[in-house]
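Engineer: What follows is a single structure, and I will ask about it in a moment.
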């Protein structure tokens, strides 16, 4: 069951001039498909816009904050901030999942906590906020809720878990790793992959991602946790 969006506005200190935009930002396509009567719109177009707005605002932030970083370094930093795991973390901190309008099937299969859905909702919210109140309000929102949580000194937010796992197993002569894509879920525009990593036929980790590479990274991260390997952010 979703929470009232008035509560979200109160919590964020933001009042939408067009509440319909906010509602659309939190409306999943599964809800629209199950409620044909009425003029419900899903959040996919807002997600498209929000993705572009995030790229711009995060690029501005990094450009100003790190004047000595090269273009390549800034590109990597930006990618680590706007990647799915990072956006999921911000959406979870703001409890966005509890406000999403979902179809019954999506609700029953745990859609409210699905990483891809949460990342999409964060982007669609940014798109709606931009349309409703402009770029300055988006910058202010990110300055309060995203930028303070970023590591200092421009460290990357995400580690290369596959490489760390590979180096650990080689260093301890544990044997070769094997990655398997065991499942693909969702429609073509919202595809998710499930990966597993094995060592001597024992599954060490399982991960979900928008791409096969991302799913394998998440599987490697879980394996490192199981092996009690501490990972320092770069």
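Numbers run from 1 along the shown chain.
Glycine is treated like the rest: Cβ placed from N, Cα and C.
Keep in mind the model is a prediction, meaning the values are calculated, not measured.
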Engineer: 47, 55, 192: which one does TrEMBL list with 120, 123 for the Mg(2+) site?
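Structural biologist: TrEMBL lists 120, 123 binding Mg(2+), and from 47, 55, 192 it also lists 47.
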Engineer: Let me know how many other Cβ atoms fall within 10 Å of the Cβ of residue 51 (active site).
Structural biologist: 18
Engineer: Cβ-Cβ under 8 Å from residue 47 (Mg(2+) binding site), same chain, 6 or more residues apart: which ones?
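Structural biologist: When sequence neighbours closer than 6 are ignored, residue 47 (Mg(2+) binding site) has 120, 121, 123, 124, 127 within Cβ distance under 8 Å.
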